[in-house]
Structure formats: C-alpha cells, structure tokens
Amino acid sequence: MKLCLTFLLVLMILASVTGEKLSEQTLRRAARKNKGPRCWVGRVHCTYHKDCCPSVCCFKGRCKPQSWGCWSGPT
C-alpha cells in the first residue's frame, strides 16, 4: 500500500516538474488564437462575392451583410 502511494506521489511530482499542465494551457491558448482568417464587413475591398465571408456579399466594392440586397452579379 505504501509503495502504491509513493508511486502515485512520484507521478504527481513528475507531472508538475515536466510542465504537463503548462503545455495543456499553452495548447488551449494556441487553439483559441488560431481561429482562421477573419472577415470584416464594410472594410474589405472586394470584386466578387467569394472575396467576402459566406455571411456577407460584395456590394459596391465592399463586403456588406446579405440583408443589404446582394446583386446577382459575379460570384
């Protein structure tokens, strides 16, 4: 029984010394930062609808919400 508890204690100490928890936090932070390209409505100059995010379209050279009435020109 004492040997088992000692073994568990050693494993816990090794996990804290090797920075296992730190690396998990680092991976979580990196995953939060890497969300892919961001699209800005109204700021992006566009020529075609595909130049904008899926939820917006190209309207008069700018990416605008689809509620503005996207024209059915080049996609």
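All positions are counted from 1 along the displayed chain.
For all residues, glycine too, the Cβ spot is worked out from N, Cα and C.
Keep in mind it's a predicted model, so treat the numbers as computed, not measured.
Taken from Swiss-Prot as is:
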type	residues	note
DISULFID	Cys39-Cys53	disulfide bond
DISULFID	Cys46-Cys58	disulfide bond
DISULFID	Cys52-Cys63	disulfide bond
DISULFID	Cys57-Cys70	disulfide bond
SIGNAL	1-19	signal peptide
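By the criterion of other Cβ atoms within 10 Å of the residue's own Cβ, the least surrounded of the disulfide-bonded residues Cys52, Cys53, Cys58 is Cys53. Candidate disulfide-bonded residues: Cys57, Cys63. Fewest other C-beta atoms within 10 angstroms, Cys63. Taken residue by residue with DSSP, Cys52 (disulfide bond) is part of neither helix nor strand, so it is coil.
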